[in-house]
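Accompanying notes for the structure given below.
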Amino acid sequence: MEANGFGLQNFPELKNDTFLRAAWGEETDYTPVWCMRQAGRYLPEFRETRAAQDFFSTCRSPEACCELTLQPLRRFPLDAAIIFSDILVVPQALGMEVTMVPGKGPSFPEPLREERDLERLRDPAAAASELGYVFQAITLTRQRLAGRVPLIGFAGAPWTLMTYMVEGGSSSTMAQAKRWLYQRPQASHKLLGILTDVLVPYLIGQVAAGAQALQLFESHAGHLGTELFSKFALPYIRDVAKRVKAGLQKAGLAPVPMIIFAKDGHFALEELAQAGYEVVGLDWTVAPKKARERVGKAVTLQGNLDPCALYASEEEIGRLVQQMLDDFGPQRYIANLGHGLYPDMDPERVGAFVDAVHKHSRLLRQN
């Protein structure tokens, strides 16, 4: 029995806890695997389901989110599901308009330009209560998973969310967001604090609704050097973990493993390993053996095959997976890609990746 905002939930018993055991640092019989963006446009059934409505309407439909989350599990023997949603539901909940422009990505018609624009943002407590549709999607999906594998909830980290809110969309340089850090450090901290104040109840709410693990995406870590990262990203990454854990305990909810994925944040690996997360996700630019040396045995590592490796032949994918697993070692490890799946990828190659992880990790343990 688990509590959530809708009363006590009776969820089906979990049959495959390999992913959770690896996340907690316990021994596993094989290496668990899932893929970032496993519910994505590379699947024809995903494109068919999504064609019916615009992107954020889909995000607000618990039924559609549940269906999209389950689709990859019908095809592949994945060891975890991740709820279909988007990190930008948080700026929306704060009252900002966000649209998804086909072929271009997210767009904010009125980005934050001045410090006074922060006054437009909704109160963080009110913003968190706007996200009930995500909680409903999680509860529905957890029921329909029928205990097959654990369900991961997620959110974007404060700095990454700030970049979209200030830039007004994607950017190759993040120059406007970084200008804020240099010219308006206090306003930047204020905004990052507001985002943290929304993320904490949002992530706790996801667990209350049925999420069994949480991943925080710091997708734009690589745009910050060591100094800016330690000033404007890391303190909030730490704060989210600390406050979510305390909040779960206060609400009488069981702890869940938390994953931090800071893309291109290899310069802060040691700090991330000590930021209060059980798992550190790696992108493909990090050598597994070196990462293991740098973080020690205190955390589980997740990653980190180059997604583009899935354009290779199945034989080559098998070889690359074998190398990756040999380098990471059998325990305290969750296999994944170093970034999300791309829309033009062949589902059969994704299947080959998943199968190769299971096959080789079992052989690795026998030897």
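Every residue gets a Cβ built from N, Cα and C, even glycine.
Small disclaimer: the values here were computed from a predicted structure and weren't measured.
According to Swiss-Prot, the N-acetylmethionine annotation covers MET1, on the basis of similarity to another entry.
A simple way to gauge crowding: the CB of ARG37 (coproporphyrinogen III binding site) has 18 other CB atoms within 10 angstroms, across all the protein chains here. The coproporphyrinogen III binding site annotation in Swiss-Prot covers ARG37, ALA39, ARG41, ASP86, TYR164, SER219, HIS339 and is backed by similarity to another entry.
Per Swiss-Prot, coproporphyrinogen I binding site is recorded for ARG37, ALA39, ARG41, ARG50, ASP86, TYR164, SER219, HIS339, and the stated evidence type is similarity to another entry. In the structure as shown, the Cβ atom of ASP86 (coproporphyrinogen III binding site) sits within 10 Å of 18 other Cβ atoms.
According to DSSP, ASP86 (coproporphyrinogen III binding site) sits in a coil region rather than a helix or strand. For ASP86, the entry in Swiss-Prot reads site 'Transition state stabilizer', with the evidence type similarity to another entry.
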Annotated coproporphyrinogen I contacts ARG37, ALA39, ARG41, ARG50, ASP86, TYR164, SER219, HIS339, maximal Cα-Cα distance (Å, integer): 24
TYR164 (coproporphyrinogen III binding site) CB neighbourhood, other CB atoms within 10 A: 28
Neighbour count (Cβ, 10 Å) for HIS339 (coproporphyrinogen III binding site): 22
SER219 (coproporphyrinogen III binding site) to ARG50 (coproporphyrinogen I binding site) - Cα separation in whole Å: 24
